[in-house]
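A.B. asks: Copying in the features that TrEMBL gives for the protein in this structure:
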- 7-28: transmembrane segment (TRANSMEM)
- 48-70: transmembrane segment (TRANSMEM)
- 108-130: transmembrane segment (TRANSMEM)
- 155-175: transmembrane segment (TRANSMEM)
- 187-214: transmembrane segment (TRANSMEM)
- 220-239: transmembrane segment (TRANSMEM)
Amino acid sequence: MLKTIMINIATVLGFLIGVPFLFIFLLAMINRNTKAVIAKRFGINGQLIFGFLGVIIHEASHLIVALVFGHKIKTVRLIRRPTIDNPSLGYVNHTWQPRNLYQTIGNLFIGVAPIFGCCTTILFLARWLLPNIYNRLVTLTYQPLSITAVPAFQWGPMLLFILLTANICIGGFDLSSSDYRNSIQGLATTILLLISLTIVLSLIPIGTTVFAALYQAIKVITVISTFNLLISAVLNLVFKLI
C-alpha cells in the first residue's frame, strides 16, 4: 500500500506540476524571445502591433483568476503603450490574506493563468474557424498514435486563424518575473495539498477513477500545449528571418 501511495504521489505531482510547468516554461521562453526580436526590429511598440490581443488576454486571465480566488483588485490596465522607462504592456495589481489557504494557493494559478487563458482561446478559435483540425486534435487526445492525412480546411478561415493565433502567442504567452514570483508563493502550499489529497484518494475506491480522469486531462493539456509550442516556434523563426 505504501508503495502504491508513493507512486500515486509521484504521478500526480508529475502530471499536475511537472508537465504543465514544463510547457509553461517553454512557451514563455520562446515567446519572450520572439517579443525581444520584434522590439529590436520594429521598436518597443512593435510588441503591441503584433501582440495586442495576447496582451489583453494575458492580463484578463490574471484578473479573472485573481477574482476567482478572492483576491482584492487594486488597479488594472489590460493594455498600455510601453515606454523606455516603463516597458510594461499591462498589469493587474492585487492583494490577498497570507493566512488564507485558498487565497495563497490562488497565487500559483494567478501567476500562470495567461498560459491557460491563451491556450483556451486558441482552442476555441480552432473549433470555430477550423472544425476539422479541431476534431483531429480531439482525436489525438484519445488516440495519440493515430497518424492520418491533414484534414480539409478553407484558406480564408485558416489565414484568419493564423493571424489571430500569432497575435495571441506573441503578446500572451510571455510570463514576467513578477508572474513567476507570484506563482512560487502558492507552489509549496499547492504541493502539500496535492500530496494530502493523493494519499486520501489512494485509500478509497473512487481514487482509481479520479487518477484515470487525471491521466486523460493531462493528455488533453499535452496535445494543446504541443500545438501551441509548434505555432510559437514557427513564429519565432519567421520573425528572426524577417
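Heads up, the Cβ atoms here are built off N, Cα and C, so glycines get one too.
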A.B. asks: Output the single range from 7-28, 48-70, 108-130, 187-214, 220-239 maximising the number of Cβ pairs under 8 Å to the transmembrane segment (155-175).
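C.D. replies: Most contacts with the transmembrane segment (155-175): 48-70.
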A.B. asks: Same-chain Cβ contacts of the transmembrane segment (108-130) under 8 Å, 6 or more residues past its ends?
C.D. replies: 20-21, 23-24, 27-28, 54, 57-62, 64-66, 69, 71, 94, 137, 153, 157-158, 160-161, 164-165, 168-169, 172-173, 175, 179-187, 189-190, 224-225, 227-228, 231
